[in-house]
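> From TrEMBL, for reference:
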- 1-18: signal peptide (SIGNAL)
- 120-235: domain 'Dienelactone hydrolase' (DOMAIN)
Amino acid sequence: MRGLILAMLLLSGCAAEAQGPITLGAGDMMIPGPEGVQLRARLVPVEDGRRGVPVLAFHGCGGIGGPERGIRLPSRERDWADRLHALGHPVLFVDSFGSRGRTEACRGGSVGIEAETIRRADAHAAAAWAAAQPWAAPGGVVLLGWSHGGSTVTAAAAGSPPGLIRGVIGFYPGCYRLRQVGGWQPNVPMIMLLGAEDDWTPARHCEALAARDPARVRVQVFPGAHHGFDAPTGEVRQMTGLAFTARGGGVATIGPNPAAREAVHAIVPAFIAGLAPAP
């Protein structure tokens with residue numbers, strides 16, 4: 001995995017930006033990140049002092065709040081927080097962008113906040129912190145991410161420190177860069193949830209990546225589903241001016257797919273429930 005990380009850093013050509021003042025909203029906190037970085041995060045705790053298997057959630061390229069305002073969870077993130085909380089999981093949202101003075105990467109690009117390197121390190125650092133908290137059940141955490149965050153947790157599934165991560169859930173991750181560089185080999189169970197019609201982060205790259213270890217990586221492709229198919233609101237639409245898209249031109253289609261959304265509401269809890277303590 002070390003060779004993969006070095007290669008990705010060479011591709012990015014940039015390290016993380018210097019950390020400046022960060023605004024904390026109600027419920028926000030700072031937790032220790034990699035190499036001295038403090039990560040802004042929001043915890044949705046389990047009540048009554050109960051312990052649960054933590055789910056660490058990693059946002060997409062749109063971020064969850066810039067440095068000058070507190071974390072603001074989009075409807076998709078709020079929906080999943082409610083669902084996971086109802087199942088007894090403390091949910092920790094980790095803000096890689098706002099913590100480094102950035103708001104988004106969809107149009108501005110992700111130099112300095114690359115999923116495969118910078119955010120991968122965030123995931124491992126946040127997992128170590130969460131696993132040590134009194135509200136965390138023993139046996140490690142679950143990583144979950146959407147799009148850019150899906151790429152983050154996919155990268156974090158390889159070279160995971162022992163005893164830290166039970167499993168990984170990637171919603172429509174971008175797998176192209178990990179596939180091109182090579183060296184990705186997961187050491188924890190993972191499920192990739194992909195849209196067959198995704199023209200932003202096409203399923204084929206993740207399918208090829210998953211084929212390296214089919215015993216550990218499960219792939220579910222939903223017919224007719226676009227990027228962002230688990231959104232609880234909105235309509236299918238086009239986004240323009242994007243930094244990276246499958247066909248170039250900066251245009252991609254996003255939006256909910258009711259059938260796929262209903263399916264993942266059953267798949268995700270079942271996957272988590274079936275995970276053994278972290279190896």
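Start at 1 and count along the chain as shown; that gives each residue its number.
Heads up, the Cβ atoms here are built off N, Cα and C, so glycines get one too.
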> Can you work out the mean pLDDT of the predicted model over the domain 'Dienelactone hydrolase' (120-235)?
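Averaging the confidence scores along the domain 'Dienelactone hydrolase' (120-235) gives 97.
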> Tell me the residue counts in helix, strand and coil for the domain 'Dienelactone hydrolase' (120-235), as DSSP assigns them.
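Helix/strand/coil tally for the domain 'Dienelactone hydrolase' (120-235): 35 helix, 29 strand, 52 coil.
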